[in-house]
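As given in TrEMBL:
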{"type": "DOMAIN", "residues": "B:30-299", "note": "domain 'Gcp-like'"}
{"type": "BINDING", "residues": "B:109, B:113, B:130, B:293", "note": "divalent metal cation binding site"}
{"type": "BINDING", "residues": "B:130, B:131, B:132, B:133, B:134, B:162, B:177, B:181, B:265", "note": "substrate binding site"}
């Protein structure tokens with residue numbers, strides 16, 4: 001971890017940037033959460049490092065863009081991952097983007113979700129902060145969107161499941177994340193689902209039915225205060 | 001200057017509060033307490049409220065030293081909550097509003113908690129964790145609404161704690177959660193329990209079932225009641241703090257406000273404080289006077305609505321058992337619309 005520079009403290013981990021084996025590398029260290037009991041903290045951290053590593057390997061063998069995994073270090077609770085020099089989160093991108101660009105990125109998000117769900121991978125924490133846009137030409141040019149690829153990150157809550165239930169919940173988590181921070185969320189989520197439908201022809205119907213069910217679960221819940 | 005009176009009775013607390021432009025004039029409360037091992041049911045809770053409401057109203061008016069003619073608006077809890085207790089208190093609010101000839105406003109209970117928390121702590125635009133016997137929500141303000149970013153997908157955290165207290169036959173006075181908190185302070189051995197976080201959502205039904213099935217076995221294996229209370233609290237609170245932290249990060253927020261009955265648990269406050277310190281955020285919490293259901297919060301939220309020009313037609317002053325936080329337009333908040 002020598003010469004690594006702290007660039008961000010996310011909710012889950014501290015993110016460092018540096019060079020490992022000659023490659024630009026991001027280290028995601030799930031530091032000790034002092035607020036929770038050490039026993040619980042150790043268990044959760046280990047589980048999530050494993051979940052994230054497994055999901056990344058699964059995704060990559062299915063041809064889904066995620067960062068490459070360089071090293072798992074359980075001792076320092078760290079994952080060494082490929083660092084994307086020229087990238088922006090979908091959240092930040094959408095803030096500035098025109099309607100036309102939002103349409104494009106929404107399509108790509110829907111297509112990426114179709115692909116992971118088609119491979120029975122459940123992300124578990126889908127938000128627009130956990131989706132990266134990477135400029136393949138290395139110019140940080142996101143305006144044209146022609147050389148941009150979409151990369152999914154933060155698989156700490158991921159697991160494998162073939163049921164429509166977990167896929168539906170996955171979409172529901174994303175929908176609410178979008179509603180809570182983006183303007184015109186209905187349009188954006190509708191565009192994402194449109195792409196999801198066309199890119200996931202064999203499975204989307206069941207998942208979207210489930211999504212409707214999950215939504216009413218949230219709405220109609222008995223609430224007493 | 002606005003003087004508002006608020007009536008609250010959505011669950012087992014009956015509260016009447018009077019507020020004058022953010023200054024507390026009265027905050028009176030009675031709690032319906034059931035025997036150990038039993039929870040409160042709608043019918044008996046409504047009977048409790050009916051038997052006590054006039055005495056509490058008199059107490060509040062006396063304490064405030066105001067004349068009823070000075071009151072500008074009568075507010076009551078429209079929902080969410082248990083039907084019978086809500087209706088019972090709403091009838092009293094409707095009646096006094098007519099006798100006194102004052103406008104009547106139905107207030108969303110969750111909004112009451114949030115606005116009271118903001119008033120007492122001075123938090124400007126916080127991310128909110130609202131935790132009580134009936135509600136568990138992580139909330140952020142965006143586009144004129146309190147948006148529910150994450151919530152429980154089954155039972156509320158307070159419900160989980162209350163029902164666990166029933167398994168152990170703990171006293172319900174002053175509240176089951178308080179007694180769990182006191183026992184947990186002496187817990188030593190940590191029992192691993194189910195931990196269920198789904199994105200920003202949490203689930204408590206699994207951990208409760210686990211406890212229902214195993215509590216007695218664990219007790220016979222040498223774990224004490226204290227150990228079980230301690231372990232349960234550590235798990236459920238860690239789930240809440242984790243989802244709150246995720247919401248803080250997602251919304252780029254630096255203020256965390258804790259409201260609702262479970263919000264006065266000091267261990268939860270401590271965990272939240274540690275989390276916030278680790279990420280340079282500030283935590284805001286209140287004590288049992290304002291955290292636990294009360295009439296004052298209904299009066300305050302109602303006064304804010306009243307000042308922003310909201311009027312309710314008589315026929316709209318009903319009750320709603322299911323009334324989500326995010327359906328209320330926050331006409332009284334003028335801050336920038338999008339949270340980043």
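For all residues, glycine too, the Cβ spot is worked out from N, Cα and C.
In this structure the residues listed as binding substrate are B:130, B:131, B:132, B:133, B:134, B:162, B:177, B:181, B:265; their two most distant Cα atoms lie 18 Å apart. Rounded to the nearest whole angstrom, the C-alpha distance between residue B:132 (substrate binding site) and residue B:109 (divalent metal cation binding site) is 11. Packing around residue B:265 (substrate binding site) is summarised by its Cβ count: 25 other Cβ atoms lie within 10 angstroms of its Cβ, all protein chains included. Note: B:109, taken in sequence order from the binding-site residues B:109, B:177, B:265, have a C-beta within a distance under 8 Å of a chain A C-beta.
A C-beta separation below 8 Å, combined with a sequence spacing of at least six in one chain, links residue B:113 (divalent metal cation binding site) to B:130, B:132, B:259, B:260, B:297. A Cα-Cα distance of 20 Å separates residue B:265 (substrate binding site) from residue B:109 (divalent metal cation binding site). Take the CB of residue B:134 (substrate binding site) and look out to 10 A: across all protein chains shown you find 23 other CB atoms. According to DSSP, residue B:293 (divalent metal cation binding site) is assigned to coil rather than to any helix or strand.
Distance between Cα atoms for residue B:293 (divalent metal cation binding site) and residue B:177 (substrate binding site): 14 Å, as a whole number.
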